Every structure is written in structure tokens, then in C-alpha cells.
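**Student:** Okay, handing you the structure first.
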Amino acid sequence: MVMGLGVLLLVFVLGLGLTPPTLAQDNSRYTHFLTQHYDAKPQGRDHRYCESIMRRRGLTSPCKDINTFIHGNKRSIKAICENKNGNPHRENLRISKSSFQVTTCKLHGGSPWPPCQYRATAGFRNVVVACENGLPVHLDQSIFRRP
């Protein structure tokens, strides 16, 4: 009986040891996606916004050429990875059923080193993401909504 419990405990501990890195890796890729592409409530959406957020998010050493920020709530973005707010799109991607308010920051000027100067384009777009385990981990593109 005691030996059976020991084996069961060993299997349980080994199972715990194998599971967290996978979950942690999924969460770190999702967290990285949020850092690069999510800003719930932007303060302005012009070149000053782009220069400020790109610097705060660590995307300016060297200056990133282009980056899109999705505005709204995380639940709606996560729902793209499900049928609630997403449809299959090309190979292993999902496209949002609804459009999102987005700001695209594009590097303006010749130098790839700070101070980085950006131009902002704001609008409503459907977004295309790659998902892993039900979480968005890569923003592939954003598509302007047709009127």
C-alpha cells in the first residue's frame, strides 16, 4: 500500500514537472504578443503616441520598421482564436469576424537607431493572428474594413 502511494506520488510529481514549462511558454508567447500589439486605451493616436508607446514597449533599439497596436479588450482579441470572433484564414491563421480599432506605427526617416520617428495610421480593421492553445501569439496583418 505504501509503495503504491509512493509510485503514485512520483508519477504526480513528474507530471507537475513536465506541465508548467509548456504552460509558461504559451503564456510567455501570449504576453509577448500583448506587449507588442495590445494597448487597451490609447492616449491619442498620432505620431507622438507612436513614438511614446514604441519607446515604452522596448521596440526602439533598433527602431522597429512597423508595428500595429490593437485597442479594445483582451477577451475579444482572444476570441479570434475561437469560433466566437474568428474564422480560419490561410494556413494556421485566424481572421477576426469583427473589426478592431488599431493604430499602425511606421518608422519615418532613415536611421534605424533612436531617436525613432514614427507616423501613425489609425482606423478600424479586421486582424489576422496566429494562435497556440487558444491564445493569440503573432499578429500577421490587419485588413481595412470595407465600407
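Glycine is no exception: its Cβ is also placed from the backbone N, Cα and C atoms.
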**Student:** Looking at Swiss-Prot, which one out of Cys63, Cys105 binds tRNA in the same site as Arg45, Asp46, Val127?
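**Tutor:** Checking Cys63, Cys105 against Swiss-Prot: the tRNA site match is Cys105.
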**Student:** With reference to Swiss-Prot, specify which of the listed residues Cys81, Cys116 is paired with Cys131 by a disulfide.
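**Tutor:** Among Cys81, Cys116, the cysteine that Swiss-Prot links to Cys131 by a disulfide bond is Cys81.
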**Student:** Other than its own, how many Cβ atoms are within 10 Å of the Cβ belonging to Cys81 (disulfide bond)?
**Tutor:** 20
**Student:** To the nearest whole angstrom, state the Cα distance for the pair Cys81 (disulfide bond) and His37 (active site, proton acceptor).
**Tutor:** 16
**Student:** Just to be sure I understand, if DSSP states are collapsed into helix, strand and coil, how many residues of the motif 'Nucleolar localization signal' (55-59) fall in each?
**Tutor:** 2 helix, 0 strand, 3 coil
**Student:** Across all chains shown, how many C-beta atoms besides its own are within 10 angstroms of the C-beta of His37 (active site, proton acceptor)?
**Tutor:** 20
**Student:** Can you give me the Cα-Cα distance between Cys105 (disulfide bond) and Cys116 (disulfide bond) in Å, rounded to a whole number?
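**Tutor:** Between the Cα atoms of Cys105 (disulfide bond) and Cys116 (disulfide bond), the distance comes to 11 Å.
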